[in-house]
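*Asks:* One structure, as structure tokens, below. Some questions next.
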Amino acid sequence: MSAMTAPAVAVAVALVLLAAGPHPGAATMSSNSLRQQERHYDRSPWTWRCSGAPRHLCQRHALEENETPTAISTCKMTCGPGANLWPHPQHVTVDDPTARAVNFNSMSIEFTDASGESIDNARDAGSLFEEMASRFRLQQEVKTVNSDGSAIVREGHRSIEVRAVIKNPRIAHLTLDTDESYELIISKAGAVSNVTVVADNVFGARHGLETLNQLLVRDDLRRELVMPTEVHVRDAPSYKYRGILLDTARSFISIEAIKRTLDAMAASKLNTFHWHITDSHSFPFVSKSFPNLSRYGAYSPHEVYMPEDIEELVEYARVRGIRVLPEFDAPAHVGEGWQWVQNATVCFRQEPWQKYCVEPPCGQLDPTVDKVYDVLGGIYRDMLDVFKPDMFHMGGDEVNFHCWNTTDSIVQWLDARNSSARTSDDFRKLWNHFQERALQKLVDANEGKEVPVVLWTSGLTAIGKVDRYLDPRKYIIQIWTKGDDPLVRELSQKNYRLIFSNYEALYFDCGFGAWVGEGNNWCSPYIGWQKVYDNDPRGLLRKLGITDPKLLANALGAEATLWTEQADSQSVDGRLWPRAAAMAERLWTNRPDWSWRNAEHRMLEQRNRLVALGVQADRLEPQWCDQNPGLCYLSKRPEDQPSPTAEH
């Protein structure tokens, strides 16, 4: 279950999180801590005011006598039409931006169906409503507590009443067809702020609560939790698939680090955690059917993912509106862990490695060995049991034909089937033989039911080849080559559904020192958030000449990837964040008329939100730029350039 599991309660007509009166989890403000805050407050001579149209920037001013100060966090939320939200909603109007103080100790939330009947926990998604409500409350509680344990909450401010109307309350799991739209309305009624969230299902409602969470802002100068008075949001994602890939095989990643990644994804409305859980380097997935895989293949007995660990993470993700997509990469990218399976792998740790794979250690499965498919069937069954995915990733990249061509059993198998020439097409036929048998094992493990299968671009998807082997009705292709690769155009024209991870924009391990040899790694340079933001999957297709709306709709979305040859639990946050948030807005909002420049000031604030969550996101600009929006820019106008006589 989630680490923020709601307290056990009786099945209720409404979920009332906090009654009037102090919440037992909230700290009490002592007179001493209050005096300390008052002294700190008195020392600040500044306030922030909105510049107004057209730029809507918060500017720092000296606090005038009798003026109520406004923190920059409050100013950013009330300055301009967008309310400083991330990702920016499709439609948002702030009819009354006045920031009103609200009372955390007087906040309630209720989930109802379309007829007004309260959600019953006995229904399929009932526990999700309770979990999401508890998480929302905790998000607000964190904002009201200072680092010394004292509280900023005061009695007497506006109470908040949240009502979420769910049209299909029984939907409990994400699929590619899940409606993630929502509508959010904030209005005032006397001393109460009324919030209404309307959504098709619990996942859309979760997005609405995430937006509301961003509208509830801690004002450090006023020492209050504030919210705009009247707001109307109508919102939905532009892309169905919005993901992050995390590789936990090159380096083991802790459960805690994965949870931080999921927290940051939820804050950015990303919906897919693609778990590349095994590779030739290690096998940390504990298979019930074949425990020797992790026994032989894990880096240590403690660096494994037990079934209960995975089930906990899957539920933790679901509460945050995220599916977990497992990947078992084959027939290449296998090795460690398979030592006990006789004759299953070939070229494992083969030297010199450059001849047999793309990085050490090498390793591929032998498609001619029947035992391979028996083990695959058990792995698939075990993964389906714990992940319960609506999709499955079968990997399928970087098969080395030279490796197979130097394996006696494979050469003999080809000779027996009139493929003694051993051309590239002969090896593709062998590869297809493996893929068809592996896919059938996956279907059998899923009790005969097919699920959408994702494969990487590879030799099997090469130009002129892919539709000989892969049915576009069954397979989704994930693109890791460059976005302008002609292969992308062909895949689109042949009606394949596509997920973009084009490496020049979405490989977040790029731009660091080489780990084999010297210099920089293969995909350098480092990819700045600006390039990530401007990477639009449909825009890439249009540049390749794809204009048919049906083909453009086959671009399901995109996924940022973090391969961990040079990252682990200590560095994963900074490699992913806040750059992945830039991708998140592109995939959610996707304003074609917007570049990264339209997002810069909000991006800095989203990074601050991630840090407040405990995510060690990289800083993008000096803190001074946070406090002085609009003054950190680079002009290209000739008249703004340095004088030739200026000293440097």
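In case you wondered, yes, glycine gets a Cβ from its N, Cα and C as well.
A quick note: this is a predicted structure, and the numbers were derived from the prediction, not measured.
The following feature annotations were taken from TrEMBL:
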| type | residues | note |
| --- | --- | --- |
| ACT_SITE | E398 | active site, proton donor |
| DOMAIN | 85-215 | domain 'Beta-hexosaminidase eukaryotic type N-terminal' |
| DOMAIN | 239-590 | domain 'Glycoside hydrolase family 20 catalytic' |
| SIGNAL | 1-27 | signal peptide |
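Looking at the shown structure, what environment does each listed feature sit in?
*Replies:* Other Cβ atoms within 10 Å of the Cβ of E398 (active site, proton donor), summed over all protein chains shown, number 16.
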*Asks:* For the domain 'Beta-hexosaminidase eukaryotic type N-terminal' (85-215), would you mind checking the mean pLDDT of the predicted model?
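*Replies:* Within the domain 'Beta-hexosaminidase eukaryotic type N-terminal' (85-215), the model's average pLDDT equals 91.
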*Asks:* Work out, from DSSP, the number of helix, strand and coil residues along the domain 'Beta-hexosaminidase eukaryotic type N-terminal' (85-215).
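*Replies:* Per-class counts: 32 helix, 51 strand, 48 coil.
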